[in-house]
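Annotation source TrEMBL lists transmembrane segment at 33-50, 56-78, 90-109, 121-142, 154-174, 186-207.
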Amino acid sequence: MGKMFQSVFVANFLDQTKTLRELLEESRERTDFYILLTLATFIATLGLLINDSIVILGGMLIAPILFPILGISMGIVTASPLALGRSLKVLVRSMGLVLLVSFSTTFLLGDNVVAEPAYQVAPDLMLFLIALASGVAVSYSWVKQNLSASLPGVAVAVALLTPLATVGVGLALWERAVIASSVSLFLVNLIATVLGSIVIFSLFGFATLQKEEEQKIVEEVLENKIQKEAVAEAAELLIKNSPAVALTGLNDKS
């Protein structure tokens, strides 16, 4: 039994670094991440407003909010303040975006609507265990790349986007009961998912990869800096060569 347990939670160094780099890439703060999150939130909010669970599931399936949460778990396991701070920043900004989109959508379109009843109940031990098991499943599927096809289904089970979007709906409608229950459910799911992922990442031996994780983050920061400088130089060159600037120069000479 012990040998079988050990064989299940085995990953060589190459697999570990590959998993780590892919997780950092998926949770990276970039434009397409926020575009996808905006669309997912918009879809899920519309599903809440029309009380259609299929539409809500559609939004949950494409939401990338799970990745920075896995990044938080990985940062805790590797004991990296740099990685933890990076993932927390992305998560906080993602939460703000979800609240803004869901609030705005409800404010503009949600006349006399009621949020999804399932997210108005107080979280209990059963919901915590579901989220904990989902956190274990999603992190295990992430490490075991041959199980990556299971990730969309697990992402739905985690249920992070919908309660957060429901908070925005509740704020727009000023339904205090909806706000309170949805905030509680989101926090329970968040904490349980992080805890479950910490267990799996620890069992797979990621605790020794702090150096590799921080090196990848430093490379990412340098890459972002180079891209910003290149964009700034291109914009400056474009402005200098624009017809308006050229015409101004000719007028000054005359």
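Keep in mind that glycine also has a Cβ here, set from the backbone N, Cα and C atoms.
Keep in mind that TrEMBL annotations are predicted by a computer and have not been checked by a curator.
Most Cβ pairs under 8 Å with the transmembrane segment (121-142) belong to 186-207, among the candidate stretches 33-50, 56-78, 90-109, 186-207. Long-range contacts of the transmembrane segment (90-109) within the same chain: residues 27-29, 33-34, 37-38, 41-42, 44-46, 48-49, 65, 68-69, 71-72, 161, 164-169, 171-173, each at least 6 residues beyond the stretch ends and with a Cβ under 8 Å from a Cβ of the stretch.
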